[in-house]
C-alpha cells in the first residue's frame, strides 16, 4: 500500500561523545538537543550549524537518561553514579545533584507542568522529587528487580514504570498506590511511555517486540514484531498517530498506529540504535547509537499531512491486528499510461476513509449479531423453563383437587 506521505530522512548527524549514546531529547524551542552517554558526559547540541556544542561534566559514571524540562530552561540527567542532576543548558553548565537512590539511576522524567521529577533505579524503586525545592518526596516500592524506566502521564496523575521483573506498573501519584500491573512474559521491558491521549502505554521489549496497552480496559491493543533485535526505546508522535522505535538491529521503525502497520524502516546507524525521540512539534526526530553518533531526521511531511486530517489527531490506537510491510522503497519510473490509470490522491484518501468506516460498521454489526444471538438463546432458555414449570403444575393438578 502506497502512502501520500513523503519518506522521513536522516538529515544531519553529530559526533562528540566518546562512547555509546544512551539518551536524547529536544528542547521545546527547537534550538537544542541534549544527549547523555556512557562516557559520563551530558552534551547540549545547538541546531544552528555555526554554534558549538556544550560538554557538561559532573557525573562520575555513565549518564543513562536526559530530558529537557517542559519550559526548556533546565535539563535533568540520571547516572550510574546513583545521582540525578539538574543543569542550566548554557555556557556555564551549572548543575545541582540529587541523592536518594542506592543504585544506578536508569531514567529521569519531568511531569507535564515541570514541577516534579520521577526517577527509576536499580535499587528497585521509583522516586518522586520536587524540581524547584529540589527535595525528595516519596518512593514507590513494588518492583522486585531493576526499574528501567518511569514516565508521568500527560496530566501528571499517573506514573508508568517498567522493570526487569517483567512487569509494567501503573501508579496513582496521589495515593502512591500501584493500580495495575501488566506482565510481559516474553522478556523484560527496556522502555515505556504514555500515548499523548493518556489512555494507552507503549513498551519496548527485549523479545524484539513493541506492545501497546489500553490502560482503561487493561487490554493489549497492538503487538508489533517488526524488529530482529532487542527494542531499546520508542517515542510517540505528538499527534498520537505514529510511534518510532529504536533497536539493536541497527534500524528505527515508524509505526502507523491508526492502521496498525509498519510505515517506514530507517537506516543510518552503524550498530545498535539505543534511543530515539520525536521533537515536541513532531517535525523532527533524533536518535543515538553505539556508534557514538546522534542523528537528526526530518518528519515534517507527515506533520503537514496530519494538519489536513484533523479528525485523526490525538486518537488512541485502534484495536486491530497489525500487518507488516517491507521497507519502503522508491517505485520504478511510471509510463504515461500508468500515470493516467492512477487513482488521484484525494480520491484514494476518501476511499481509505470509506474502507475504515466500513471496517467499523462491520465490527459493530458483528457485535450486534453476537448480542442478538445471546438474547435469543436467553429467551429460548426462559421459554423452555416456563414450559417445564407448566408441565409440572399440570401433573400436580389432580393432587390439588379437594377430596369428598
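Any Cβ shown, glycine's included, is placed from N, Cα and C.
What TrEMBL says about a protein is an automatic prediction, not a curated fact.
Residue counts for the repeat 'WD' (14-55) under DSSP, helix first, then strand, then coil, are 0 helix, 22 strand, 20 coil. Summarising the annotation, TrEMBL assigns repeat 'WD' to 14-55 (among others).
The repeat 'WD' annotation in TrEMBL covers 56-87 (among others). As a whole-number mean, the pLDDT of the repeat 'WD' (56-87) in this prediction is 95.
Annotation comment: TrEMBL describes 98-139 (among others) as repeat 'WD'. Listed by sequence, the residues of this chain that lie at least six past the ends of the repeat 'WD' (98-139) yet keep a Cβ under 8 A from its Cβ atoms are 61, 64-71, 74, 76-80, 82-86, 145-152, 154-156, 159, 161-163, 171, 173, 176.
The repeat 'WD' annotation in TrEMBL covers 140-181 (among others).
Across the repeat 'WD' (182-223), DSSP helix (H, G, I), strand (E, B) and coil residues number 0 helix, 24 strand, 18 coil. Annotation source TrEMBL lists repeat 'WD' at 182-223 (among others).
Residues or ranges marked as repeat 'WD' by TrEMBL: 224-265 (among others).
Here TrEMBL flags 266-296 (among others) as repeat 'WD'. Proximity of distant same-chain residues to the repeat 'WD' (266-296), defined by a Cβ-Cβ separation under 8 Å and at least 6 residues beyond the stretch ends, is recorded for 8, 10-15, 17-26, 28, 30, 33, 35, 37, 45, 47, 229-230, 232-239, 244-254, 302-303, 306.
Residues or ranges marked as region 'Disordered' in TrEMBL: 301-340.
The compositional bias 'Polar residues' feature in TrEMBL is assigned to 302-315.
Residues annotated as coiled coil in TrEMBL: 351-385.
Taken through DSSP, the repeat 'WD' (140-181) splits into 0 helix, 24 strand, 18 coil.
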